[in-house]
There are 2 protein chains.
Amino acid sequence: MTTPTPSPSLSTPPAPSPAPLRLGVAGLGTVGAGLLRLLQREGDLLAARTGRGFEVVAVSARDRSRDRGVPLTGLAWEEDPVALAHRPDVDVVVELMGGAEGPARALVEAALRAGKAVVTANKALLALHGTELAALSARHNAPLLYEAAVAGGIPAINLLRSGLAGDRVTRVGGILNGTCNYILTEMDRSGRPFDEVLKEAQAKGYAEADPTTDIGGWDAAHKLDILASLAFRPLTFESLQVRGIEAITPQDLRFARALGYRIRLLGMAQEVPARSPQAGHPEATEETRIVAWVGPCLVPSSSRLAHVNGVFNAVVAEGAACGPLVISGAGAGEGPTASAVAGDLVALARGAALPVWGVNPPPAPVAGGSVEELESAFYLRLLVRDQPGVIAAVGKALACEGISVHLVSQHALEASEASETTDQAGTDIPQTWMTVVTHPAPGHAMARATTGLEALDCILQAPLVLKIEPLA
Amino acid sequence: MTTPTPSPSLSTPPAPSPAPLRLGVAGLGTVGAGLLRLLQREGDLLAARTGRGFEVVAVSARDRSRDRGVPLTGLAWEEDPVALAHRPDVDVVVELMGGAEGPARALVEAALRAGKAVVTANKALLALHGTELAALSARHNAPLLYEAAVAGGIPAINLLRSGLAGDRVTRVGGILNGTCNYILTEMDRSGRPFDEVLKEAQAKGYAEADPTTDIGGWDAAHKLDILASLAFRPLTFESLQVRGIEAITPQDLRFARALGYRIRLLGMAQEVPARSPQAGHPEATEETRIVAWVGPCLVPSSSRLAHVNGVFNAVVAEGAACGPLVISGAGAGEGPTASAVAGDLVALARGAALPVWGVNPPPAPVAGGSVEELESAFYLRLLVRDQPGVIAAVGKALACEGISVHLVSQHALEASEASETTDQAGTDIPQTWMTVVTHPAPGHAMARATTGLEALDCILQAPLVLKIEPLA
């Protein structure tokens with residue numbers, strides 16, 4: 001019989017210290033000012049939850065004179081944010097400046113080196129320098145928390161760390177960029193083209209003046225890299241495959257809808273089994289790999305993701321035992337992001353911070369596999385000559401790669417889509433849209449088939465090929 | 001200047017003890033056997049996450065000879081589950097028997113008294129005896145965790161405890177009963193009546209032989225009571241207002257759909273401001289109250305809850321700063337429930353268990369306010385005489401209580417709904433369905449208006465009145 005031993009670590013936390021946790025906040029934009037407001041408004045509630053309150057002791061921002069609607073009297077002001085890391089009266093550095101390099105990176109590194117806990121909302125910093133930061137955090141025993149870096153007010157990091165703590169995560173991702181989701185759903189709703197809706201999004205403050213990070217899929221990729229690194233193992237950012245939404249037209253949204261789908265920019269990561277051991281080497285160790293990609297896809301109209309509209313985000317996390325979970329909410333904004341930062345502060349005050357990637361020492365990062373290893377159905381949008389034999393030619397190009405077709409349909413060009421294509425003699429070529437939905441096929445077969453299609457005489461434009469994700 | 005003090009509690013957990021956490025599991029039905037399978041399958045993963053593994057040392061169940069598909073060799077067998085609480089080699093008692101009284105209650109109480117941590121999936125036990133159990137847990141410094149008690153695989157408890165730890169929860173609830181959601185969505189899909197679909201659900205194992213707990217709303221109410229107690233403060237179960245789905249007909253689902261809604265059984269709890277201080281007593285302290293109710297409602301077809309179909313559950317949690325979050329997934333079943341239990345075990349192994357209702361000592365329970373205090377739009381389904389003047393009479397009965405009408409429509413009875421109503425002379429009364437959608441109005445006004453409607457000669461059946469919940 002096992003000797004009975006007491007298990008003191010199971011007990012609820014001991015009576016907490018009354019000393020408030022002292023914060024140094026760098027960055028007083030929307031989120032920084034929002035955090036100060038939240039701490040002021042909910043101070044008593046958060047103190048009751050943690051047994052100790054929070055006290056902002058020092059701040060740093062670009063413009064000292066700007067009115068942010070929160071009183072800064074009594075707070076120390078640091079011109080150089082990095083100075084927050086060296087103040088003896090700061091327990092926790094809260095980094096809300098953004099940017100993968102420069103002062104944000106310098107501050108976070110300095111704070112971890114000084115053994116101070118760090119809370120950040122900086123997705124690019126984590127995605128690009130997570131490996132070094134996780135090592136610093138482990139070496140100096142300084143927690144680094146980043147709930148606000150992914151999907152704003154949706155506690156996605158907490159879902160992976162605690163909610164699914166008892167399960168093996170098999171897939172993670174979702175609708176991770178509100179700007180793209182706004183643009184796609186607004187194009188769908190109004191039938192207006194990409195450029196026009198992007199301009200409107202910029203006017204409304206949903207898109208940056210330089211929108212490349214958002215519409216190119218890079219912001220979603222930063223978040224996906226963080227989710228995948230936590231759910232599986234650290235993933236080098238360079239190995240993610242990223243496509244933006246620039247090529248999506250109102251026609252695609254219309255065609256997708258008619259086929260029973262919606263188009264969403266998704267970022268998804270999953271473990272895939274390694275290729276089977278080679279013949280003659282049956283003993284070769286099977287290792288799973290992670291495939292992570294960002295790109296516009298078709299999701300079934302009946303799926304939960306199809307009903308996430310506008311600037312909202314949704315995170316999908318699938319457990320081997322619990323199946324797929326979908327959590328949706330506000331992916332950005334003052335309140336949601338401040339709420340996420342405050343959640344991390346509560347975790348710190350409770351002494352419940354976990355290692356950056358879940359385990360210490362942090363595992364070395366690996367490169368993700370190719371999205372072409374994945375099998376899925378595909379949607380193709382082709383501009384073709386309106387003449388007999390085209391369907392046969394397209395079908396043959398797909399069949400050559402073993403891809404079978406589920407559905408083909410043709411759609412006349414609308415007046416606004418008037419052809420500008422002429423043949424060598426300058427005569428207008430009669431043309432039509434053709435959409436194809438395939439049965440599930442490996443991505444590499446689809447890539448080869450696309451090359452085959454591009455070579456066809458009857459195809460007048462590079463085909464648009466989108467994955468169809470059968471997400472619940 | 002504040003004296004700098006070190007903050008040791010912020011650091012990541014120290015190198016953990018290698019001793020596995022020793023479990024005594026009571027109940028080896030679907031969930032119990034599923035937990036044993038999960039611990040076996042994911043043992044290494046969970047050990048890596050927590051720094052210590054889990055070891056099942058003793059079990060207790062009704063039938064020792066039954067083959068459960070998991071090997072029980074080497075495990076101690078206790079005929080009396082309560083004996084698990086007294087075994088010195090058990091660190092954590094896992095209660096998966098169910099039932100608010102009897103052996104489940106006796107075991108949980110004995111384990112807490114013995115200072116052992118308890119993990120349970122028992123919603124009725126928590127809802128009905130949460131106050132006593134929270135007191136026992138606090139007194140004996142023995143954690144009591146219950147993630148699996150609410151919404152199966154959806155980590156709703158963790159969402160409130162950790163995900164929204166930095167925010168004030170303003171509303172919580174959702175689709176909390178898979179049986180009712182299956183019945184309602186299947187009635188909607190197929191047009192079949194309640195009784196027929198219930199029988200099918202029983203045949204499929206989605207409903208119990210005695211379905212009262214599910215279809216009467218009591219199971220959802222147990223879960224809602226737990227969510228509300230954690231989000232706000234402990235709530236006496238008796239004060240919840242509970243309606244089941246028995247009165248919903250295929251016609252209601254059809255009418256709701258035509259009006260742009262779906263019908264779902266919801267359980268919702270929210271804080272409402274106290275009535276204004278009485279005149280002459282402006283200094284009276286304003287206290288918020290909690291209103292918690294379960295009942296079938298209309299939700300907009302475009303809302304996220306309208307797309308939660310079949311046996312799935314969805315939890316809505318609204319933070320003052322982060323806005324509404326919706327998380328959906330499997331609400332029951334072997335894998336999802338085992339995943340939730342294992343998540344609690346991981347929290348214990350990490351030393352991250354929190355007090356039962358979030359704070360110690362546990363607050364005294366309060367009675368919830370009346371659902372009639374809440375304002376909402378309403379749907380009315382009326383069987384009326386098919387004659388001029390009926391709309392005027394209905395409109396007047398509503399106007400008398402200050403309720404204005406948004407929409408009225410009439411729907412001819414279908415052949416299958418052939419009238420059985422005759423007047424005193426035995427002649428068939430010509431009749432028709434009338435549906436009314438009101439503008440938002442206080443619940444007590446609607447209750448009085450309903451009494452008024454019932455008294456009308458032209459109303460041939462007690463009106464069905466459902467709240468319309470404008471949930472995102």
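In case you wondered, yes, glycine gets a Cβ from its N, Cα and C as well.
The feature NADP(+) binding site is assigned by TrEMBL to A:A26, A:G27, A:L28, A:G29, A:T30, A:V31, A:G32, A:A33. Per TrEMBL, NADPH binding site is recorded for A:K123. Here TrEMBL flags A:E208 as L-homoserine binding site. Summarising the annotation, TrEMBL assigns active site, proton donor to A:K223. The domain 'ACT' annotation in TrEMBL covers A:379-472.
Mapped onto this structure are the features recorded in TrEMBL.
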residue : record                    : DSSP (3 states)
A:A26   : NADP(+) binding site      : strand
A:V31   : NADP(+) binding site      : helix
A:K123  : NADPH binding site        : helix
A:E208  : L-homoserine binding site : coil
A:K223  : active site, proton donor : helix
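DSSP states for the domain 'ACT' (A:379-472), grouped as helix (H, G, I), strand (E, B) and coil, give 25 helix, 32 strand, 37 coil. For the recorded positions A:G27, A:T30, A:V31, A:G32, A:A33, A:K223, a Cα-Cα cutoff of 10 angstroms around A:K123 (NADPH binding site) retains A:K223. Listed in sequence order, the residues A:V25, A:G34, A:L35, A:A61, A:R68, A:L96, A:M97 complete the 8 Å Cβ shell around the NADP(+) site centroid, once A:A26, A:G27, A:L28, A:G29, A:T30, A:V31, A:G32, A:A33 themselves are left out. When averaged over the domain 'ACT' (A:379-472), pLDDT in the model lands at 91. Within 10 Å of the C-beta of A:G32 (NADP(+) binding site) we count 26 further C-beta atoms, all protein chains included. Between A:K223 (active site, proton donor) and A:G32 (NADP(+) binding site), the C-alpha separation comes to 20 Å. The sparsest Cβ neighbourhood within 10 Å, among the listed recorded positions (A:K123, A:K223), is found at A:K123. Taking the C-alpha positions, the distance from A:T30 (NADP(+) binding site) to the residue listed as 'L-homoserine binding site' comes to 14 Å. Proximity of A:G27 (NADP(+) binding site) to non-local residues of its own chain (separation of 6 or more, Cβ distance below 8 Å) is seen for A:S60, A:A61, A:P81, A:E95, A:L96, A:M97, A:G98, given in sequence order.
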